[in-house]
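**Student:** Pulled the feature table from Swiss-Prot, pasting it below:
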BINDING   His180, His202, His211  Cu cation A binding site
BINDING   His363, His367, His390  Cu cation B binding site
CARBOHYD  Asn86  N-linked glycosylation site
CARBOHYD  Asn111  N-linked glycosylation site
CARBOHYD  Asn161  N-linked glycosylation site
CARBOHYD  Asn230  N-linked glycosylation site
CARBOHYD  Asn337  N-linked glycosylation site
CARBOHYD  Asn371  N-linked glycosylation site
SIGNAL    1-18  signal peptide
TOPO_DOM  19-476  topological domain 'Lumenal, melanosome'
TOPO_DOM  498-533  topological domain 'Cytoplasmic'
TRANSMEM  477-497  transmembrane segment
Amino acid sequence: MFLAVLYCLLWSFQISDGHFPRACASSKNLLAKECCPPWMGDGSPCGQLSGRGSCQDILLSSAPSGPQFPFKGVDDRESWPSVFYNRTCQCSGNFMGFNCGNCKFGFGGPNCTEKRVLIRRNIFDLSVSEKNKFFSYLTLAKHTISSVYVIPTGTYGQMNNGSTPMFNDINIYDLFVWMHYYVSRDTLLGGSEIWRDIDFAHEAPGFLPWHRLFLLLWEQEIRELTGDENFTVPYWDWRDAENCDICTDEYLGGRHPENPNLLSPASFFSSWQIICSRSEEYNSHQVLCDGTPEGPLLRNPGNHDKAKTPRLPSSADVEFCLSLTQYESGSMDRTANFSFRNTLEGFASPLTGIADPSQSSMHNALHIFMNGTMSQVQGSANDPIFLLHHAFVDSIFEQWLRRHRPLLEVYPEANAPIGHNRDSYMVPFIPLYRNGDFFITSKDLGYDYSYLQESDPGFYRNYIEPYLEQASRIWPWLLGAALVGAVIAAALSGLSSRLCLQKKKKKKQPQEERQPLLMDKDDYHSLLYQSHL
């Protein structure tokens, strides 16, 4: 019955976020460099007739990039998305999307006016049914072809500058795998030449905002695919872990009994095929990953190079990261010292904050530890552990934002590695998002973490302090009222005692003594409320 429902769902939903909109993948759109599809609600481009948005020229930042990429005009991702499009939808108010058909993160309802905050939870706190539902959603996404998005299989030059489009269909899960590959791939310089020192989502300031957006879009896709408006990705809290405690068949897949590099046949994910894992092959042929299946998921946790990654991160490591006051420093790349971003990403020591090329720690340590598909940057998103891992990394980013409350100006405006400046549009997303747009608290983006709710100092500051301040202003009146109340209570008590004595004298047989119910339901709630304050 479950499989029947799953496969009925398989073909019945359409989704609306990813990379290249199918509606903008024609030679007409590429030659015109315009991506302003109609909103199906009124049929007008960008929903303009309904006031949702309009087709506008893209305004690119003129801030200079760092010296890490010494070329210009050789990579389609430069000045994203200007190689492909120079006009896209600019949405109004709380509307969002490549055709302004969606709501901004944190808003819902037909007119995007309903504010919402959803909670990401620890995967070990999910019930069996919740956990299995999450896995079924992953499976559904893996088997559902996107009706809205396609992926390019060639560079703009290989497409004859747009006159011969080269695009493939792709399933929803692999769409995000492909995006992670595309943003981190090497630059193809022609012939056999490549440039490796480039990455639009790693080793620089945009690492945390980019992956934050990636997860938000992924959640949005799953909600639209399944109709589950409350879906959030769970996180894996790996602090102080001695092994991969989610690498069991009950969760993300145990070890194969005969081949330790494969997943157990009993795992949800043992039959999954991966894509975009052969970077050297693509480089040698000067081609892009085209989404062709390349074999099963590989994972052999713990059998990695322990000289480079001696252990998984500890609570103390996380706390040290959070204590760093600078988001970014120096050259703003993998050599940055005392940088929160570089330390959390794993290129600087979580003991000293000094960049150490001989070690991989924090975020990087988990990738290395998995010793398989997840250990190669471009193809790492094939493994569903990637989602849970990055959800927890994002929660650490969120803790840092709440603790230090940085202004937007803290995020570098210029001279960061290419694609990582504050106002740079993030590759390869359409609609367009800037790095700085996600340098804000998660609550402003419509989500929170279950373990941060209890310890959020903002709760005390925003909700408890005002009541205490109000109480301090009226305490003299409260004291006076209490004294008057005590006098009245004493008088009533005396009168009650006299009446009771008179009644006892009249009765010949003694009455059974009863203990009052001090913890009646309403009394208990009142006591809890006062004790919590």
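The backbone N, Cα and C atoms fix where each Cβ goes, and this holds for glycine too.
Owing to the predicted nature of the structure, the values given are computational and were not obtained by experimental measurement.
Please go over these features one by one and say how buried each is and what sits next to it.
**Tutor:** Counting only residues at least six positions away in the same chain, the Cβ atoms of Ala201, His390, Val393, Asp394 sit under 8 Å from the Cβ of His211 (Cu cation A binding site). According to DSSP, His211 (Cu cation A binding site) sits within a helical segment.
Other Cβ atoms within 10 Å of the Cβ of His390 (Cu cation B binding site), summed over all protein chains shown, number 25.
Counting Cβ atoms from all protein chains shown, Asn86 (N-linked glycosylation site) has 16 others lying within 10 Å of its own Cβ.
Around the Cβ of Asn111 (N-linked glycosylation site), a 10 Å sphere holds 14 further Cβ atoms from the protein chains shown.
Cβ neighbours within 10 Å of Asn161 (N-linked glycosylation site), excluding its own Cβ and spanning all shown chains: 12.
According to DSSP, Asn230 (N-linked glycosylation site) is assigned to coil rather than to any helix or strand.
Here Asn337 (N-linked glycosylation site) comes close to Ser329, Gly330, Ala348, Gly353, Ile354, Ala355: these same-chain residues lie at least six apart in sequence, with C-beta atoms under 8 angstroms from its C-beta.
Neighbour density for Asn371 (N-linked glycosylation site): within 10 A of its CB lie 20 other CB atoms from the protein chains shown.
Confidence in the topological domain 'Lumenal, melanosome' (19-476), given as mean pLDDT, stands at 95.
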**Student:** Within 10 Å of each Cβ, count the other Cβ atoms, then let me know which of the recorded positions His180, His202, Asn230, His367 comes out lowest.
**Tutor:** Asn230
**Student:** Among the glycosylation sites listed here (Asn86, Asn161, Asn371), which has the Cα closest to the Cα of His363 (Cu cation B binding site)?
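**Tutor:** So, of the listed glycosylation sites, the one sitting closest to His363 (Cu cation B binding site) is Asn371.
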**Student:** Using C-alpha atoms only, work out the spacing between His202 (Cu cation A binding site) and Asn111 (N-linked glycosylation site) and round it to an integer in Å.
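**Tutor:** Roughly 36 Å, rounded to the nearest whole number.
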**Student:** Would you list the other residues of this chain near Cu cation A - those whose C-beta lies within 8 angstroms of the C-beta centroid of His180, His202, His211 - in sequence order?
**Tutor:** Val183, Ser184, Ala201, Phe207, Trp210, Phe214, Val377, Ser380, Ala381, His390
**Student:** Of the recorded positions Asn86, Asn161, Asn230, His367, Asn371, which one sits closest to Asn111 (N-linked glycosylation site) when you measure Cα to Cα?
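**Tutor:** In terms of Cα distance, Asn111 (N-linked glycosylation site) lies closest to Asn230.
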**Student:** Determine, using Cα-Cα distances only, which of these recorded positions is closest to His180 (Cu cation A binding site): Asn86, Asn230, His367, Asn371.
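**Tutor:** For His180 (Cu cation A binding site), the spatially nearest of the recorded positions is His367.
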